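**Q** I have a structure I would like to understand better, so I am pasting it below and will then ask my questions one at a time.
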Amino acid sequence: MRVFKFGGASVKDAAGVKNVYDVLQKVGYEDVLLVVSAMGKTTNALEAVIKDYFDKSAALQSSVQEVKKYHNQILLDLFEDDKNAVFTAVNALFSDLEYFLAHNKSPNYNFVYDQIVSYGELISTTILSHFMNHMGIQTQWIDVRSFIKTNSNYRDAEVDWDLTQKNISKNVKRKILNITQGFLGSDENNFTTTLGREGSDYTAAIFAYCLNADSVTIWKDVPGVMNADPRYFENARLLNHISYREAIELAFYGATVIHPKTLQPLQKKEIPLYVKSFINPLLEGTEVSKGAALEPYLPCFIVKRNQLLISLSSIDFSFIMEENISSIFSLFHQFKIKVNLIQNSAISFSVCVEDKFDNFKQLNTILSKNFKVDFTENVTLYTIRHFNEDAALTVENGKTVLLKQISTETMQIVTSGN
Ligand code: ADP
Ligand code: ASP
Ligand code: MG
């Protein structure tokens, strides 16, 4: 069996959905499980709905309406006959969402988030499944929440592998085209959970692992994994092959083309991962499997913007030792600030962090009681795997370097500005 994953960008409009059909025609669809994300930027749009819901904002109706309008347009572009059963099916999902918004009593933000945001994937897979049937490809729509069981850590749920394995081995039918939702799972009480933003790649890996699949293919708007994000590096080149280890490193440092959790389950069973273009599905793309680190052997660039560089020094010139460091880290954890680089010297301690939830101001008040705190906002963190002198120059050219750290395989450079 093969597992395919189509992300939001691949199904952002009617042309995208039709293209999925074309890809399946070209590469085959028997004995395939299709994992699909929410269409385009639907997850972000549903996050806006959640915000309005908690803010008790008058804009709530219109933010729901926006999600409806977007999907309705796709439906109208895909199906000439508005009596097609898909219209009723999608309307029913929106009615469920509206019912939830009107009747929910839980004040738990993360719980509510998962119940709402999941409609993105439920709707996209409903549309895709109906469209494939309409085009003559019979599909089996499956509700992933009956398969992937998790704990109740809403928004970042952990998979219960034993239960998930049992459900998948017993109930996924072979020899047909299955369609299911990425990103979702359900807990012990069958409430919807999610696996973390961008988690659909991970869903594909979970199914592949439990099905002992032959391969996973994630279909992208790029030719494969490249040695840099082509949005930022015009000379980015395709990597034909990378090892699991290398892919894990790239994903860890922030190459957003593969979700970091995807690789471990695949590596365990040595299931190859292909990253291919949904525009040119017959091109080779990238194969992630056992073997040489990367071919061709090139420096790989990863860019993280909007970082914060914080430097802490002791007020009394004492050393910053384990005890301080451990309390500093538990504060970062508490304030949900993600540390991407650490540099330590006798009396100062620097970190490059991501403050996604705007918590640093609050944290700074606490840190300032014990440390002298200096910080620079809006810095950029570059990571170069397999660096060489030229690669470093490409990054540093014309920029102010604030910090640089070198290990055997990896160079990290923090520059001012975005
Ligand atoms: P999906 O629709 O599956 O969620 P994403 O938009 O998350 O797809 O991922 C594809 C994007 O990842 C590309 O458009 C590209 O800009 C970006 N990207 C980041 N790093 C790389 C890389 N090293 N190689 C290829 N693409 C990359
Ligand atoms: N739709 C979810 C997100 O946007 C999951 C995914 O696309 O992988 O985060
Ligand atoms: Mg994505």
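Residue numbers in this text run from 1 along the chain shown.
Using the three backbone atoms N, Cα and C, a Cβ is placed for every residue, glycine included.
Below are the features listed in TrEMBL for this protein:
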type	residues	note
DOMAIN	2-277	domain 'Aspartate/glutamate/uridylate kinase'
BINDING	LYS5, PHE6, GLY7, GLY8, ARG231	ATP binding site
BINDING	THR43, GLU121	substrate binding site
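Where in this structure would I find these features, and how exposed are they?
**A** Cβ-based neighbour count (10 Å, all protein chains) for PHE6 (ATP binding site) stands at 29.
Listed in sequence order, VAL36, SER37, ALA38, VAL144, GLN181, GLY182, PHE183, LEU184, SER200 are the same-chain residues at least 6 apart in sequence whose CB falls under 8 Å from the CB of GLU121 (substrate binding site).
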**Q** Under 6 Å from ligand 1 by C-beta, which of these binding-site residues make it: LYS5, PHE6, GLY7, THR43, GLU121? Sequence order, please.
**A** GLY7
**Q** Do me a favour and check the Cα-Cα span between ARG231 (ATP binding site) and THR43 (substrate binding site); whole Å is fine.
**A** 22
**Q** Name the residues of the same chain, 6+ apart in sequence, whose Cβ is under 8 Å from the Cβ of THR43 (substrate binding site)?
**A** GLY8, SER37, VAL117, GLY120, PHE183, ARG197
**Q** Among LYS5, PHE6, THR43, GLU121, ARG231, which binding-site residues lie by ligand 3, judged by Cβ under 6 Å to any atom?
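**A** Listed by sequence, the hits amount to none.
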